[in-house]
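Listed features, source TrEMBL:
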BINDING   Cys84, Cys89, Cys125, Cys129  [2Fe-2S] cluster binding site
Amino acid sequence: MPATLPADKRLKILDAAIRKQQNRPDALIAVLHKAQELFGFLDTPVLWHVARALRLPPSRVYGTATFYHLFSLKPRGEHSCVVCMGTACFVKGAQKLVDAVGDLGGITAGQTTPDGKVSLLVARCLGACGIAPAVVLDGTTVGTITPDQLTARVKEWTHGS
C-alpha cells in the first residue's frame, strides 16, 4: 500500500516538472533528481508518487533510486563525502579514506554524523579511475587524495576552520 504525501508546495513543483517531461517513463532519473532537490531525499511516499506519475512499477523506481549513489532514501548531512570503491580506487587506498572519515566522525559508510554535518557514503565506481583514489566532496570530484588531506577537508566542515 503506497504511503500518501500531504498537500505540499514542493509536490506541486514536482508535478509541474513531471508534466514538463510529459510523464515519460524514460524521464525517471531527471524526475528523481528534481524530487531529491525539492525534498532533500527520496522517501517512500515520494517514490510511490513518482511511480504513479510516470506509470512505472514502484520496484523500478526504487531500483533506480538505490542504484545511483547520488540518490538518498534518508536525510543526508549538510555535507557529503562519497568515496569511490571501484577497483582502481580500492587498490589505491579507498578503504583507508572511508576508515579515516569514519573514525573522525564516529560513523560508518552510509551514516551521518550525530550533529548532521557530514554524511559518509561509498559508490561502486565514480568513473574517475585515472585519479584514484577519488572522492566526491559536496558534488566536486577530488582525486589522488590521502586520508590526511580528506580528514582535513572534513574537519573544515565540522569545525568551520
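From the backbone N, Cα and C atoms, a Cβ is placed for every residue, glycine too.
Feature map: TrEMBL annotations on the structure.
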residue	record	CB count, 10 Å
Cys84	[2Fe-2S] cluster binding site	28
Cys89	[2Fe-2S] cluster binding site	25
Cys125	[2Fe-2S] cluster binding site	15
Cys129	[2Fe-2S] cluster binding site	16
Within 8 Å of the Cβ centroid of Cys84, Cys89, Cys125, Cys129, the other same-chain residues by Cβ around the recorded [2Fe-2S] cluster site are Met85, Gly86, Thr87, Ala88, Phe90, Ala94, Ala123, Leu126, Gly127, Ala128, Ala132, Pro133, Ala134
